[in-house]
């Protein structure tokens, strides 16, 4: 962690920096001292202490009251700038891509939408979900870091401006994409095998997914769970890992299981129909579902590691800062302080793993666009759309005829 080397330079430049600066207790830059006896209450307000995690000599006891900066010291500022830039730029692209697919597959252009066409509605719902992720990213782009860091050393909480809204939008979009990915895999199997689904059954599935998504997105507000996490996310999201497991990761695990079954059944159906001239057109959606499966799998592995090792990562950072200051005070011959030897710098979260996580979440909206925009199905939807037929450029039955022939 290169950040810690900058701490060393600060210490050296100030000859070990005293804990008293102009009569005020000071912490090493970029940390900030906060006098408190209620660290738990402060956490609820958004303050994150470095938490040395072990008894300290009196001369160093002030370090337990040092606040972590927002955004956190797990990454250098250049790294955070890269993360923020990725979310802003890629989020805007994903928002636009999702909106285009929503328009084509939604009721504005899709004549089959209100006929409860299973496939087009499923694609629309997935695009709608990634659209909400894009909206949350645009909120971050508009408000910048102030949305997650209302103060230099305080992380946003649900009571802060825009954080609750951003958290709900992100959760709603991300969770929705997960559940509709699962159904997209089942839809692929139905299309590849030629099986049909009762429209009433599909209506029940449609309503159930959206109702469940709404409940799981708004319920965390009852526990004041939305806020800025000091690692993993750039947006506001669910703070406590047990709440994350209950309201997101459990649903993702179930969706991955369904997705895996759907992928296997689709492959099996395609193998059985290798002589069918329509087999190739089912391969592209299968590739999309497989890529989504891999991305969601990476997300759960990454966040699982983060959640399980969060306290460990904090302790590494805290111990390294404590070691540096201990040695600095020892060199100043402060009574009672013993030189602790060379301070080691252990890796916590790599830049590439964090970047990949943020990238994969934003890639969802771009993928649905890339895989469906130029498909034959999309071209038929455009040809049969209200707008195309209004100007005499299309055939209102084009998509339905294709559907009858192949589905």
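In case you wondered, yes, glycine gets a Cβ from its N, Cα and C as well.
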Swiss-Prot annotation: residue 115 and residue 167 on one membrane face: no
Among ranges 334-354, 355-375, whichever one Swiss-Prot labels transmembrane segment: 355-375
From the candidates 37, 110, the one which Swiss-Prot records as N-linked glycosylation site: 37
C-beta crowding around residue 37 (N-linked glycosylation site), within 10 angstroms: 7
Remote residues contacting the topological domain 'Extracellular' (142-169) - C-beta distance under 8 A, at least 6 residues beyond either end: 31-32, 34, 44-48, 67-71, 84, 132-133, 135-136, 217-218, 220-221, 224-230, 234-238
Other parts of the chain folded back onto the transmembrane segment (121-141), taken as Cβ under 8 Å at six or more residues beyond its ends: 84, 87-88, 90-92, 94-99, 101-102, 105-106, 110, 113, 147-148, 162, 165-166, 169-170, 172-177, 180-181, 183-184, 187, 202, 206, 209-210, 234-235, 361-362, 364-365, 368-369, 372
